[in-house]
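What TrEMBL records for this protein:
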type	residues	note
BINDING	Gly338, Pro339, Asn340, Ala341, Gly342, Gly343, Lys344, Thr345	ATP binding site
COILED	525-636	coiled coil
DOMAIN	728-803	domain 'Smr'
Amino acid sequence: MFAIPERTLRDLGWRQLTTALAERTSTPRGRALAQALPFLSRKDEIERSLSRIAEARLLLRKELSLPVGGAEDVRDLLSFAAKGATLEAAQLVACARLIRAASRTRTFLHAQRLEAPALAAESQALADASSLASRIETSFEPSGRLKDSASAMLGSLRDRARGLHHEIKGRLDELMADRDFSATLRDEYLSIRNDRYVVPVNASFRSKVPGIVHNASNSGQTLFIEPQTIVGLGNDLSIAESMAAEEERRVLQELSSDLGERSGELIEAVELLAKLDLAEAAGRLADDLDASAPRLTEGRGRISLRAVRHPLLVLQGKKVVANDLSLAQGERALVVSGPNAGGKTVTITAVGLCALLVRAGMPIPAEADSEVPLFSTVSSAIGDEQDLARDLSTFSAHLTTLKEILARAGEGALVLIDEIAADTDPREGAAIASAVLGDLVEKGARVLVTTHLEELKALGLADSRFANARVGLDPRTLTPTFKLELGAAGLSSALEIAARVGLPAAVLDVARTRLHGGSALAVALEQLEAERREAHGERTRLEAERREVATLRAEVQAARVEADAARREAEARVRDELRAELEAARREVGELLARLTARPAVSEAVQAQKSLQDKAAEQERASARARAHVQAMREEKQVLPAQAIRPGARVRVASLGRDAEVVELGRDHALVAVGPLKTRVKLDDLLPLAGKAPSPTAGRPPGGGKTTRAGRAEALAAGAIAGPEARCDIRGLRADEAVREIELFLDRAYSEGPAVVSILHGHGTGALKKTVREALAASPYVADSRPGDRHEGGDAVTIVELRS
């Protein structure tokens, strides 16, 4: 059972927070639940509550509110009805309003079941008593009076009574119209006494007006007499009204009995509507606090609050500084120091309120990635005052509170102590404080303590179970920054604050002189703080440099990716252009050969021969250029030494595939000369010089074109096409890929190579061999083809003789 001392609730201002929650409810019972907000013991209960509130917030963001209005707390009325009591008209109507609120809420949440599944599931337990509500509503007029139609008899009984009223008034009007009768009257008006119609008769004429005296004036001069002539009608009226009243009581009793029969489920509806109302109110409060659901850990887990704010200050509309606060799992206590009015107490009470909010199943005013342990209890010693009734001084009252905390502390407890042992001799107070904190830590409690005592600040340096934190002071204005800084002990800055409030300078000078020869620990702490600030500055600088290096590395990587993409695109473009040129040339060659075959005139043959040679030469030039460009694009990039990139150096421009000379050198670009042209390129586009680019006419015999087989043989002997180039290996290729490769090979061989070449296709299934030989039979370059002999590779090779 999670129990909190009343003193802690008072110290932390918990009642103010529950009041703020109650103000956001819509039902009386919901308001009561908020004021007495219970703490939850189990983690699953807390998580379920946080989930329900999250659903309510989602609906609120869609501007959808629960229709719980009118759900009054009628539990006592329902209990009375269950015991047989007859409820009054207004009470019955209040119960009908509850039934209607339950019905509306159930229908509303069913429609929103996708956004709020948990709330929708809960609402299905709300009683459906709509027919009973309808009976109650149709039985009463807006004034609360039962309608004549409330029962079959009530209308006729009321009609009988109304008729008798009318008849009696008519008889009395006739009597008062008689001159002799009117002479006996004190005044001419009708009146009702004891539910009977009477006339005001002068007492002196009593004997002249037979009838029943029902009353007299204070002076005795006027008697209120029911004339004998209407006594019988008056009796009939009394009976009729009595019967109507009895019927009204019967209707009320019947409706009350119906409510009593369903009192149990309707009482549960009151409670369930109140809980739904409370969830929505918690959602409204969480939105106002900009709160989030934290991660829940066990009592010994780490405390990690990101951008935590004090909820009461937020609700007051004050500008609140958000702070990060953390205690690792091995750290048991946080010692918060710094100047007065700097926010130390606000810090520890904000943590305490977050711990209570979590136990109440509510979000906390911090970021969503915060972590809060499920503390077994929360104790505090904040703002002790003198207890004159018990003859205790401030310090004695403080020690009494510490004694109670020590008795209650244990594993998983959270303890908050403000200015521990402050109202006594500092040395003795520090000794007591250190002992108390040590005992609390040994018992497994987590402690947040504020102090000005130097000995306690030193605990964060000497004991790994303690951590330091300080609140800041602006050195220029000497005003608090309210910013919490972890890992540092703060100075109280009392002299600076004294100067700001105007303490005489002479007094301050004396104080500084006395302080200068004071505690060596204070000097050590100040020196340590200076070194810490220096280290922090260096760390900040190194972190900035690291980020800059990371940015440069990312830029270089992006440039490399971009260059690789450009290279691949250029290679693909060159291949496509080469393929298109080869296809066009092949078509023209085929056309020329066809014409030559069809019309073998000498002159036309000579002309065809010359055209064929021109096309072959043009094709070769294009092929040489393409191969040179592709080879340049495929050259492996090598980083040039810095000394190699200088004006006058010869380099290779990768993106152009050309050699160049460096003219000017910039930070990340260079101006290079490519022949007569000059262009500016990036440094990472320059490669080591691997040799001159091949000449567009390399590998061709002098004279520009292919003439005879003898000429090709001479070229082969000269190395124009080496042994490996006289064979085309297409093993492993698909049929379409093999055909394209053979076409390129034959085209090059026809321009440069020997008259006889071989194609290595292997045996395999025979499909590739068949495709190759069909393609060779249709090729305009081929004069003849045959399977290879045994010494040539057998049937795995096809020998091709090219046309002359």
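Cβ coordinates are placed from backbone N, Cα and C, and glycine is handled just like the others.
Values in this document were obtained by computation on a predicted structure and should not be read as measured data.
The Cβ centroid of Gly338, Pro339, Asn340, Ala341, Gly342, Gly343, Lys344, Thr345 marks the ATP site; residues of that chain outside this set whose Cβ lies within 8 Å of it are Thr450, Val471, Pro480, given in sequence order. The binding-site residues under consideration are Gly338, Pro339, Gly342. Their Cβ neighbour counts within 10 Å are lowest for Pro339. In this view, the densest Cβ surroundings among the binding-site residues Asn340, Thr345 belong to Thr345, judged by other Cβ atoms lying within 10 Å. Mapped onto three states, the DSSP output places Gly342 (ATP binding site) in coil. Counting every protein chain shown, the Cβ of Ala341 (ATP binding site) has 13 other Cβ atoms within 10 Å. Taking H, G and I as helix, E and B as strand and the rest as coil, DSSP gives the domain 'Smr' (728-803) the counts 36 helix, 19 strand, 21 coil. Taking the Cβ of Lys344 (ATP binding site) as centre and 10 Å as the limit, one finds 27 other Cβ atoms among all the protein chains shown. When pLDDT is averaged over the coiled coil (525-636), the result is 67. Within the same chain, residues at least six positions away from Gly343 (ATP binding site) with a Cβ under 8 Å of its Cβ are Val321, Val471, Pro480, Phe482, Leu484.
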